[in-house]
Amino acid sequence: MLDIQFIREHTDIVKESQRKRGESVELVDEVLSSDTARREALKAFEEARAQQKEIGKKVASAPADEKAKLIAETKELSQKVSEYKSKADSAAEEYTTAMWKLSNIVEPEAPEGGEDDYVVVKKVGQIRDFAAEGFEPKDHLTLGTGVAGIDMRRGVKVGGSRFYFLRGQVARMQIAMLTMAVDQAEEHGFTLAITPTLVRPEVMRGTGFLNSHADEIYRLREPDDQYLVGTSEVALAGMHENEILDLGNGPLRYCGWSSCYRREAGAAGKDTSGIIRVHQFDKVEMFVYAKQEDSYKEHEHLLAMEQEMLAKVEVPYRIIDTAAGDLGSSAARKFDCEAWVPTQGRYRELTSTSNCTEYQARRLNIRERMEDGGTRPVSTLNGTLATTRWLVAIMENHQQKDGSIEIPKAMRAYMGGKEVIEPTKWEA
């Protein structure tokens with residue numbers, strides 16, 4: 001949610017942000033109109049109620065010949081107060097509905113355009129020349145099946161399309177990768193949290209995911225009415241809902257470990273083979289509560305954390321600055337790290353980190369205590385540190401001619417010193 005005072009004073013900035021996102025500019029006028037109607041209705045209600053109270057005070061001491069008249073006026077005003085209250089409540093509801101539709105204000109530095117209009121910030125690492133090495137690279141599913149580590153057939157049998165089993169050493173590789181991510185986060189002062197994967201509608205709505213991603217989210221209907229999270233960002237944002245935080249000693253930094261669920265509603269025909277685009281996966285997510293003035297510095301820190309982790313798994317990658325039209329409703333700025341996938345001949349997203357400024361905090365009523373005793377909304381930020389999809393890039397970039405997979409050096413200590421995952425015969 002945005003600050004209504006900012007919208008009133010900087011209407012052009014908010015409209016420009018909506019335009020850059022490809023969203024309704026007219027919505028800003030709707031917000032301002034409903035704000036005016038809300039304030040006028042509230043003023044009328046408060047004036048009528050004050051008048052009612054004033055007359056009520058006079059009734060007790062009024063002479064007998066005036067008392068009946070005053071009582072009649074009180075009853076008439078009571079009816080008006082009730083009507084004004086109803087109008088004020090209705091106006092407030094319309095205002096809130098309009099406000100909650102507005103997306104966060106895009107940072108001026110974010111590129112213009114849509115999904116394909118990102119800007120490449122930099123590329124890191126050398127892409128392997130498999131032709132020079134004398135063999136054609138196998139895709140991650142072929143490799144994973146060959147080492148008895150990915151079982152799509154039985155995953156589909158159990159859960160339906162886009163489900164899978166991770167087995168044996170590939171399952172161990174995922175645990176190793178996620179554990180290594182947690183260790184790195186803790187070294188940087190993050191607190192580990194294993195988070196709920198079911199959340200209340202108010203929390204999901206508060207994070208902004210029901211604005212543009214509602215069709216991607218699994219929902220449990222009555223009598224439960226809960227949502228399955230697609231990232232632990234949701235639970236970590238909701239953890240301090242309706243709280244006043246002490247950020248005097250610096251930001252609150254969490255890393256959440258959770259299973260995640262996504263419907264992939266708009267992904268028909270995309271990445272139907274393997275584990276790139278699936279309904280369930282595991283992820284370690286960073287989440288930060290920071291002072292407003294520290295959010296940009298914290299965003300850079302999260303991106304640096306992601307790069308540190310990518311260096312450990314030794315895959316070529318690039319960083320892109322996501323265009324305004326491809327941002328989620330909560331994000332003011334977002335950077336993605338995309339790893340090179342040899343068999344696809346292109347980069348695929350492994351991480352994203354977003355600065356949500358005060359947008360989520362306003363919606364969830366999360367504030368910080370100021371030195372003067374007052375409060376103000378905090379900034380929230382998030383970033384991926386490791387997830388199941390990383391296995392795709394690791395396996396394909398570390399494959400050997402015989403179908404084995406070399407384990408990245410930094411991960412070996414997490415896999416009992418094992419250096420290579422060898423092909424295995426099994427009934428796939």
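Cβ coordinates are placed from backbone N, Cα and C, and glycine is handled just like the others.
According to DSSP, E285 (L-serine binding site) is assigned to a strand segment. In sequence order, T231, S232, E233, L236, C255, G256, S258, N382, G383, T384, L385 are the residues of the chain that are 6 or more apart from E285 (L-serine binding site) and have a CB within less than 8 Å of its CB. Annotated L-serine binding site per Swiss-Prot: T231, S232, E233, E285, T384, in sequence order, evidence recorded as sequence analysis.
Applying an 8 A CB threshold to same-chain residues 6+ apart, the list for R262 (ATP binding site) reads E216, I217, Y218, G230, V278, H279. According to DSSP, R262 (ATP binding site) is assigned to coil rather than to any helix or strand. The ATP binding site annotation in Swiss-Prot covers R262, R263, E264, V278, E349, L350, T351, S352.
The Cβ neighbour count for E233 (L-serine binding site), using a 10 Å radius over every protein chain in view, is 29. Neighbour density for V278 (ATP binding site): within 10 A of its CB lie 22 other CB atoms from the protein chains shown. According to DSSP, E233 (L-serine binding site) sits within a helical segment. Just so you know, the Cβ of E264 (ATP binding site) picks up 17 other Cβ atoms within 10 Å once every protein chain is counted.
Under a cutoff of 8 A between CB atoms, and with a sequence separation of 6+ in the same chain, the neighbours of R263 (ATP binding site) are D215, E216, I217, Y218, H279. For T231 (L-serine binding site), the count of additional Cβ atoms within 10 Å of its Cβ stands at 23 [all protein chains shown].
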